[in-house]
Amino acid sequence: MKIVMSQTMQEMDRRTMEEYGIPGLVLMENAGRCCVEEIIRHFGHLEEKRVLILAGKGNNGGDGHVIARLLLGQGWQVTLLVLAEQEQIRGDAAANLELLPHDLPRFRTGEAEFSSLHAVDFRQADLIVDAMLGTGLNSDLGGVYREAVQLINGSGKPVMAVDIPSGIHGSSGRILGSAVKADLTVTFACPKLGHVLYPGAELTGRLVVKDIGIPPALLEQAPGFQYLDEESMAPLLQRRDRQGHKGNYGHCLFIAGSTGKSGAAALCANAAVRAGSGLVTLGVPERLNPILEVKTTEAMTVPLPDSDDGHLSGRAFHEIVRLLEGRDVLAIGPGIDRRPETVELVRNLAETVELPLVIDADGLNALATDMSVLKWNRSTATVLTPHPGEMARLLGAPLPSEQADRIELCRDFATSYDVYLVLKGARTIIASPDGSIAINSSGNPGMASGGMGDVLTGIIASLIGQGYEVRDACCLGVFIHGHSADLVARDKGEVGITATDVAEMLPYARKKLMERNSPSAIRYA
Ligand SMILES: NC(=O)C1=CN([C@@H]2O[C@H](COP(=O)(O)OP(=O)(O)OC[C@H]3O[C@@H](n4cnc5c(N)ncnc54)[C@H](O)[C@@H]3O)[C@@H](O)[C@H]2O)[C@H](O)CC1
Ligand SMILES: [K+]
């Protein structure tokens, strides 16, 4: 599914009306009707059907007027508060206001604050509809809008937001002053960035996207970002059609581990097995090999020349190059250290290896010491999987605190260095060398614990080894990593779930997604 900025949506609106001749009134009627469909679906069971609709002065408010009319027609008791003077209401919104019983709407009178706002007991409503502000929000909420947000959020009642919760900036997810916390948001044509980036994602509640008649050609042409959800990932779930021989599901080579961080090495190797690799080889400092022999079963381990305290030595380079024979992908970084010898080893491998290369953790910090090595012109793909701290080191500058500001930065980095960049975080961003951006929908705060990144590295390397296009491997890897964590959190809660839990859940996550998304998939007992 595609995510767009607010201004892109407004441009699609404009072109729909001007180039396709679909009147705004039709779009507004469709928007209102779609909202009512979802109100009936989610709140139709309510005993009492008293709805309080708050409408702004623009077309978001106009959607609210349509909703009022349609719910009246279905027997709901409607209270409509218009947070503007009647004279301020224009165009399609005014036309829909005219269609309402004249005693229904209550307006803000003059410049005096809206006395009736406090006269209305929000707790008397069974449902509150927020039709105050949508994609036209352009400044911090103040005055009566701010009051309305406080009354809505303090009402303890179910809230449905029209298009986007008022106060959320549609193109960033930022809260402008204050914002409505919705249980359900009904948006039109496609999700906006403000729905999926935090804190907007948090306040959006359940997001339902409805078709209101925007021509598909406009949607296809619209600039936007791919949203990694079950629907968009479903086509990737079918394994590459190989003959089922272990040699046909790829052979991954991991270079990982150092004293005290043998767990990271085990996690990436075991995750690759769980993600479906045919064969996995794990190269580790010699002294750690007996430990990893125990911590891994399906993965083969290879002891590499190390220093006398269990850290990779530069002498490992030739042994690693020998190991590349017959492997489909190399991943380096989980659990390695930042010693100069290791940094040099990583950089030499990066310049030498002809395989697709996944670099994570201190492997990234090795690159950050001199970014010129990133101008490799490598013949095969390079995937970098930094968390925000590692990304800041790669940039040599602090990272913007908000995801919305990181998107363009990731795009620029991926295109200028010709790499696939996976910037981990709440809504992980995947940027490709062609400039395309994908934003992940899965995952939860329980993933903020050690080892989760090692598991993701294992998954992405595994999928590349299985023959996935690198971009698909990054997108599916990120999505199924988060989805597995969501399944674990559903069973165990978010506190205390481990990277091992997530890796163990991978086959089940894939199975459930296949069962839900592709009828032709094998139906398991
Ligand atoms: N295809 C679609 O998505 C359709 C969307 N529709 C709805 O139209 C709104 C956008 O309408 P618009 O009139 O452009 O803007 P708003 O109603 O969001 O805002 C109205 C108005 O409010 C003023 N304003 C901006 N910021 C503030 C603020 N902080 N405080 C007070 N007032 C503010 C500003 O002047 C705005 O113009 C979209 O969200 C959908 O709900 C169409 O109905 C159908 C097609
Ligand atoms: K709204």
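Yeah, the Cβs are placed from backbone N, Cα and C, and that goes for glycine too.
Database features (TrEMBL):
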- 9-220: domain 'YjeF N-terminal' (DOMAIN)
- 59-63, 134-140, Tyr145, Asp163, Ala264, Gly335, His387, Asp454: (6S)-NADPHX binding site (BINDING)
- Asn60, Asp130, Ser166: K(+) binding site (BINDING)
- 229-513: domain 'YjeF C-terminal' (DOMAIN)
- Lys424, Gly425, Ala426, Arg427, Thr428, Gly453: AMP binding site (BINDING)
Considering every residue in the domain 'YjeF N-terminal' (9-220), what is the mean pLDDT value? 93
Looking at the binding-site residues Asn59, Asn60, Asn138, Ser166, Thr428, the one with the fewest other Cβ atoms inside 10 Å is Asn138
Can you tell me how many other Cβ atoms are located within 10 Å of the Cβ belonging to Gly425 (AMP binding site)? 17
State the count of C-beta atoms found within 10 angstroms of the C-beta of Lys424 (AMP binding site), not counting that atom itself. 23
Near ligand 2 by the Cβ criterion (under 6 Å), the binding-site residues from Asn60, Asp130, Ser166, Lys424, Thr428 are Asn60, Asp130, Ser166
Out of Gly62, Gly453, which of these binding-site residues shows the lowest number of other CB atoms within 10 Å of its CB? Gly453
Using an 8 Å cut-off from the Cβ centroid of Asn60, Asp130, Ser166, can you name the remaining same-chain residues around the K(+) site, in sequence order? Leu54, Gly56, Gly61, Gly64, Ala131, Met132, Leu133, Gly134, Ala161, Val162, Asp163, Ile164, Pro165, Val180
Among Asn59, Asp130, Thr135, Asn138, Tyr145, Gly425, the binding-site residues whose C-beta sits under 6 Å from ligand 1: Asn59, Thr135, Asn138, Tyr145
